[in-house]
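Worksheet: the structure to be examined is printed underneath.
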Amino acid sequence: MSGEWQIMQIVILKDSVEVAAYGANIFIKQLQKKADSVLGLATGSTPVSLYQQLIAANKAGEVSFAKVTSFNLDEYLGLEGAHPQSYRYFMNQQLFDHLDIDTANTFVPPGDADDPIEACERYEMQIAAAGGIDIQLLGIGRNGHIGFNEPSSGLMSRTRVKTLTKATIEDNARFFATDEYQPHLSITMGIGTILDAKKVVLLATGEAKAEAIRATVEGALSASCPASALQLHRDAVLVLDEAAASQLSDCEFYKHIETENQKLQAKLAR
Ligand SMILES: N[C@@H]1[C@@H](O)[C@H](O)[C@@H](COP(=O)(O)O)O[C@@H]1O
């Protein structure tokens, strides 16, 4: 449980370096507690330095991934895993290739599936067969999307095919060459799938995410901001840098809660 209050825990740190270290520490502790953890993983630039710290911890022998199973949030529909812009390729490059993980236990939705609808159902079954996700890592889109659950996504949705918004396509265009095909469709875990994870850790850094974070934390629970669904989760932690937290009206209060929370945790640990 993140806090004894059973609300969204909000941790506001100085910068992206501190955010990555804090996030990595949560994952390291999880793996030290449960070696056969089922991890939910994310792509995008935000988790990259967290992954680098997991690799370093693995190489240092602090943590093993030998018994880990992982499920990624999403994949572009129409790209095969060998495509350099696919999320499977990204995960291999940024994380899996550098760990002692068995790649057969790393799952990414199949972007090249002949029958994507069936592939979505199978993905849900694979997650269930693994015993469910212990801890899910998330980034957030400027429009509040998590995975590829764009605004208007059903708050109870499961893994399915989703059309990307113009904003998301533009944001992710930086990864594609000018004349390169950029998919407009994806397979993504649903919001309901994400909410089923036992613990959720969302990282957000930079001012571009500030409005999405405000809507997530202080806005209404609404499909207009898919990440606001985390208000329903019993153990969600948002790890933010000052810039991403800059539009929150109650920053000081959240910092105060966190200080009190840490005091309580220290007392309980005695
Ligand atoms: N599907 C991914 C999301 O899972 C990710 O959270 C988002 C933000 O990426 P970044 O961390 O690069 O801002 O990008 C993509 O759209």
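Any Cβ shown, glycine's included, is placed from N, Cα and C.
Small disclaimer: the values here were computed from a predicted structure and weren't measured.
Now, the feature entries from TrEMBL:
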- Asp74: active site, proton acceptor (ACT_SITE)
- Asn143: active site, for ring-opening step (ACT_SITE)
- His145: active site, proton acceptor (ACT_SITE)
- Glu150: active site, for ring-opening step (ACT_SITE)
- 19-235: domain 'Glucosamine/galactosamine-6-phosphate isomerase' (DOMAIN)
- Ser153: site 'Part of the allosteric site' (SITE)
- Arg160: site 'Part of the allosteric site' (SITE)
- Lys162: site 'Part of the allosteric site' (SITE)
- Thr163: site 'Part of the allosteric site' (SITE)
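Feature annotations (TrEMBL) mapped to structure.
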residue : record                             : Cβ contacts under 8 Å, 6 or more apart
Asp74   : active site, proton acceptor       : Thr43, Tyr87, Pro109, Gly147, Phe148, Ser186, Ile187, Thr188, Met189
Asn143  : active site, for ring-opening step : Glu150, Pro151, Thr165, Ala167, Thr168, Ala212, Cys225
His145  : active site, proton acceptor       : Pro151, Ser153, Thr165, Thr168, Pro226, Ala227
Arg160  : site 'Part of the allosteric site' : Ile117, Cys120, Ile187, Thr188, Gly190
Lys162  : site 'Part of the allosteric site' : Phe148, Asn149, Glu150, Ser153, Leu185, Ser186, Ile187, Thr188
Thr163  : site 'Part of the allosteric site' : Glu150, His184, Leu185
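A Cβ distance below 6 Å to any atom of ligand 1 is met, among the recorded positions Asp74, Ser153, Lys162, by Asp74. The average pLDDT computed for the domain 'Glucosamine/galactosamine-6-phosphate isomerase' (19-235) is 97. Summarising the environment of Ser153 (site 'Part of the allosteric site'), the number of other Cβ atoms within 10 Å of its Cβ, over all protein chains shown, is 23.
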